[in-house]
């Protein structure tokens, strides 16, 4: 009984978070699919063919690929592109560069989606006010801007207080959406022919080029499917699957069937079939409910962007940024000020640049289809490397999906000149940023490793009794380093400038595992190097906060007890100088240095006590 109750609670939560985006697609998907074929009048067979395409897109891409297959391809319960990438990197042999590029491409495309989704969904909901009264037409964009500004403003306060309402509100949305669709199916029962895939195939065959263009709009029905996989860790596989089959899929199917039947009976309703299905007395409540649903969908995408960025930082794809927890009970509720500001300006720019959901819908789709293609390619590697499927089995299983998604991608590429270039530019920008950071840090590590002094040699030299030996002082010093085999720069500079060495010196390395979380018993390890030097290692999962001060307490089991007030933390601060011979172009050197300078201070990122931190600087030519 308790398990059943927990399943229901998690399923309800997933309705609000996981399915918010795909649940708002009926607002505009069918409307946009009708536009390319409506210039010379739309026949009944064309309408049935369109609805058939939508239903089968939901069935093949969402139900089969995501709900039934990808939810099983988890990294210790976590999903998402970067989580899958981290899992594959463990056993990758010889083609890590390809996997890395695919991973950052998927992540970059998701960021583009996170900008477009709030703008498109909120605009499409608020535009329903035009049908309430045409006098409000000029206020659609200002109202949408105010709603979006409020949404981004409250992020720093956290959404814990209102997140409990997300599931119930979105459930009401799906019930209303499914009910209004069910009612209007009676307008023309011939719409049930849409379940026959013959009508979908016939539409594409008969329409030719226009049919390919229409596919770009049909794909809007499955936008948000990536959220199923990305939010796997928050809710688990069974609740997400249960919510899809009992609530979301039936409601979406009923609504699309209802819209199709409604337009078959009322061809003049093609301008906005979703809202026109509602009677006039219910139109304003429907607009309000739709707006609430789009706000919740936008919140889910923003939260997903925060989570994805944290993963990218911990995996070394982005520089450190400030990360704040907005809930004492939910570790997944985080706030990244830099990402929030970037998304806010990006969303505002899109609203003002396009001005309507109709115009913005042309830009939508490329980022989502691109991300889906990336996920399918990574899934192929997953089947081979993790499930040990023969290559031809894996190819045979995923080739139909890959071909279908590639066709959708091609259809969306036709919209580049109408605004489709926007998500491509956004994704390209973030690919360059992540590639530059990864490449720059690798070059920096190689250069410093080349000039660094091996730690073992250093310990022998300082512990040798001589008149040049540093003065021994009481207390404990912890030196943070990324390379435990080399002497930390801060330790060298401390001896060079202060001529002292503490009684106890700990060389601390912080590593990020290719798993979401690391058990506490595996978090820390100790290796004694000499009487005065000890090597410490902390290991965190890519979904965890790297709180060094808190993790120090775990060393007690190894017989080490740290008194924070008598312990000094030594950090090296590098002043990077560009070098024409670095291996990167000059512009990339400059970008890497700018990213490094923008990174948050390590003492803040690792939660070190600020009054116990000593930073020692050095120049490094990159």
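Cβ coordinates come from backbone N, Cα and C, glycine included.
Annotation source Swiss-Prot lists transmembrane segment at 7-27, 50-70, 96-116, 132-152, 165-185, 210-230, 244-264, 282-302, 334-354, 360-380, 391-411, 416-436.
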Practice task
Report, as numbers and ranges, which residues of the same chain sit near the transmembrane segment (7-27): CB under 8 Å and 6 or more residues beyond its ends.
Solution key: 62, 117, 121, 124-125, 163, 166-171, 173-174, 177, 220-225, 227-228, 231, 234-236, 238-240, 242-244, 246-248, 251-252, 255-256, 259, 274, 290, 293-294, 296-301, 303, 357
Problem - Interface check, the transmembrane segment (391-411) with the transmembrane segment (210-230), three or more C-beta pairs under 8 A - result: yes
Problem - In contact by Cβ distance (the transmembrane segment (210-230), the transmembrane segment (334-354); 3 or more pairs under 8 Å) - result: no
Practice task
Please indicate, using numbers and ranges, the residues of the same chain that are 6 or more beyond the transmembrane segment (96-116) and have a C-beta under 8 Å from a C-beta there.
Solution key: 81-82, 84-85, 88-89, 223, 226, 230, 301-302, 304-305, 308, 312, 317, 343, 346-347, 350, 360, 363-364, 367-368, 370-371, 374-375, 377-378, 381, 422-423, 426-431, 434-435, 438
Fill in the blank from the handout: Ranked by Cβ pairs within a distance under 8 Å of the transmembrane segment (165-185), the first of 210-230, 282-302, 360-380, 416-436 is 282-302
